[in-house]
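Undergrad: Take a look at the following structure, please.
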Amino acid sequence: MVSFTLRAIGACLIGLPALITAAPTSHVSNDFHVVEQLNGVPQGWVQEGSPAPSTQMKFKLALVQGKTAEFEQRVMDISNPKHADYGKFMSREELDAFLQPSSQVKDSVFNWLASEGISKRSVKANTDWLTFTTSIATAEKLFNTRFYTFKNTADGSQIIRTLKYSVAASAAPYVQMVQPTTKFSAPRPELSSVFTSDLEITSSANVDCNVTITPDCIRELYKMGNTFAKKDPRNRLGISGYLEQYARLDDFSTFIDMFVPSLKGTTFDFKSIEGAKNEQNSSLDSVEASLDVDYAIGLSGALSTYYGTAGRGKLIPDLDQPNITENNNEPYIEQLFYLLDLPDSELPAVLSTSYGENEQSVPPTYSSVVCSLFGRLGARGVSVIFSSGDTGVGSACQSNDGKNTTKFNPIFPAACPFVTSVGGTRQINPEVAIHFSSGGFSERFARPWYQELDVRHYLGHELEKGKWDGMYNPYGRGFPDVAAQSYKFATRDHGKTIGVSGTSASAPLFAGVVSILNSIRLAHNKPRMGFLNPWLYTIGRSGFTDIVHGGSDGCTGTDMYSHLPTPYVPGASWNATKGWDPVTGLGTPNFEKLSKLVLI
């Protein structure tokens, strides 16, 4: 996996200083209240200097949401097949009205911004979010802080951040978060580069599916037959693209000709978010993008869109240049804003994302806010699917609270309760859990009701009593939810056929399956599936093959990305067991069964 700067960023995930997230009223200093604070520069970054005061930077401010509990219950009701409101998704307008903050909240924050010269006219208001661009000089006064340029020691990339920010006392009760400020970490594609290699195959003929995976292997293993999704604008398949990864049309076309000739002529749209480019002739690595489109579309045949979101490229030397703001985006937030602003008719039905990062490396408020935004997509009928990660029980394996406690590391957003997390398997006859499949238990998000019985059974009956006590949170959201093949997928990239491994393969594979299931439901005048998890853990569970062999590993003593020394935990693993487990979830899809269950 690599960072949003296209290089390994594991160094910044080890020993990241503790993030102290306080309620806005917890700290007071000269009429300012501290919102968020780091206790030092995160490991893997060095402070370089100060940006020019005139440097422009775009900020997104999250207002305190007064209806969080009500909204979360609404999402669960809409997604629960046993509830009367199942499938009654909210429109863009209904969601906006439901979450709209009071005039008092907005006025208080607008008045504070205006006091520093940021007029209401220059602020874009979007439900409970405000977006504005201002100079570093103004931002430093506004947030009572100093911004600095920080360089990543692994790849040389630079970002502008601060270690602490505050808001005026008059606005403090109404401000939940402002970014980009304290978030240094960056998501990575969930690819295991160790298993990337050239392949000498030109079609699915005579392929040993125990050695190499092709679309035909998946169709046979998961009993998909020759079923594809109808090209229906109500069932658009969305694929997330970051890191200047460009999905190349010529590679995709060749892949389809080689492995899915029945879909000859199939293509996908490209949508640019925050100025993302669509470089079809780039020499940069695009393995992740290729893998995603090859298998999500190659399996489903669905009407598809690749959503490219501009990442944080290297800063140019002259920080006065106007495009400096492009290098400080928070890609998840940018993508979520774009999608949630789409009319209902343009929103994807399924969104597949193969990126993640250590949960503890993300500021707590940031992870909470972003997870809630994924919930908003669910409320509007979008199935949000994430790869679980490629670090097994963990790679850094220590806390970032200053104590350096040895522990397993859950992955974000895979551990967000509003997304469907997909772990990895390999082999057929039998299919087994793959060693790098990330899983475990969130330290931020409580275990949701839909998986309570399954996770409680695992902890009480399948996990040896006392095993790994203190290494994980037994009350946290368990992940992954399901699993799929993840080893040596035949993929086309830059004119070559290569074998690629990782849960980056599992997520688009499962997204393709969900797209076909949506198509079946729509053909029977039923709504699309939306947020999947309540259905998966109830009606859908009998449509999965339980994986009971294999397990994950991790905590090997060397970080797999930075190669720095880390705690060694002998035998660290989650085993695949009967029922749900934190390496393969409920198991792998049996399409033949699922296609019937979705009509119940």
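Backbone N, Cα and C atoms are what each Cβ position is placed from, and that goes for glycine too.
Straight out of Swiss-Prot:
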ACT_SITE  GLU288  active site, charge relay system
ACT_SITE  ASP292  active site, charge relay system
ACT_SITE  SER504  active site, charge relay system
BINDING   ASP546, ILE547, GLY579, ASP581  Ca(2+) binding site
DOMAIN    212-600  domain 'Peptidase S53'
CARBOHYD  ASN210  N-linked glycosylation site
CARBOHYD  ASN281  N-linked glycosylation site
CARBOHYD  ASN323  N-linked glycosylation site
CARBOHYD  ASN404  N-linked glycosylation site
CARBOHYD  ASN575  N-linked glycosylation site
SIGNAL    1-22  signal peptide
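Quick one: where do these features end up spatially?
TA: DSSP assigns ASP292 (active site, charge relay system) to a helix. Sequence-distant contacts of ASP292 (active site, charge relay system), defined as residues of its own chain at least six apart whose C-beta falls under 8 angstroms from its C-beta, comprise ILE239, SER240, GLY241, ALA247, TYR306, SER352, SER354, SER504, ALA507, PRO508.
Summarising the environment of SER504 (active site, charge relay system), the number of other Cβ atoms within 10 Å of its Cβ, over all protein chains shown, is 32. In the three-state DSSP scheme, SER504 (active site, charge relay system) falls into the helix class.
Other Cβ atoms within 10 Å of the Cβ of ILE547 (Ca(2+) binding site) number 27 in total over all chains.
Within the same chain, residues at least 6 positions away in sequence whose Cβ sits under 8 Å from that of ASN210 (N-linked glycosylation site) are GLN427, ILE428, ASN429.
Within the same chain, no residue at least six positions away from ASN281 (N-linked glycosylation site) has a Cβ under 8 Å of its Cβ.
Classification of ASN404 (N-linked glycosylation site) by DSSP places it in coil, neither helical nor stranded.
Around the Cβ of ASN575 (N-linked glycosylation site), the number of neighbouring Cβ atoms within 10 Å comes to 18.
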Undergrad: So around the Ca(2+) site, ASP546, ILE547, GLY579, ASP581 aside, which residues have their CB within 8 A of the centroid of those CB atoms?
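TA: Here the non-site neighbours turn out to be VAL548, ALA576, THR577, LYS578, TRP580, THR584, GLY585, LEU586, GLY587.
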Undergrad: Rank the recorded positions GLU288, ASP546 by the number of other Cβ atoms within 10 Å of each Cβ, and give the residue at the low end.
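TA: Comparing Cβ neighbour counts within 10 Å for the recorded positions GLU288, ASP546 gives ASP546.
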Undergrad: I need the CA-to-CA distance for ASP581 (Ca(2+) binding site) versus ASN575 (N-linked glycosylation site), whole Å please.
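TA: On Cα coordinates alone, these residues lie 7 Å apart.
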Undergrad: Report the same-chain neighbours of GLY579 (Ca(2+) binding site): residues 6+ apart in sequence with Cβ closer than 8 Å to its Cβ, ordered by sequence.
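TA: Result: ASP454, HIS457, TYR458, GLU462, ASP546.
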Undergrad: Given ILE547 (Ca(2+) binding site) and ASN404 (N-linked glycosylation site), what distance in Å do their CA atoms have, once rounded to a whole number?
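TA: Cα-Cα, rounded: 34 Å.
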Undergrad: In whole Å, how far does the CA atom of ASN404 (N-linked glycosylation site) lie from that of ASN575 (N-linked glycosylation site)?
TA: 26
Undergrad: So if I draw a 10 Å sphere around the Cβ of ASP581 (Ca(2+) binding site), how many other Cβ atoms end up inside it?
TA: 30
Undergrad: Limited to the domain 'Peptidase S53' (212-600), I'd like the whole-number average of pLDDT.
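TA: Mean per-residue confidence for the domain 'Peptidase S53' (212-600): 92 out of 100.
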Undergrad: Which whole-number value in Å describes the distance between the Cα atoms of ASN575 (N-linked glycosylation site) and GLU288 (active site, charge relay system)?
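TA: Given the Cα positions, ASN575 (N-linked glycosylation site) is 28 Å from GLU288 (active site, charge relay system).
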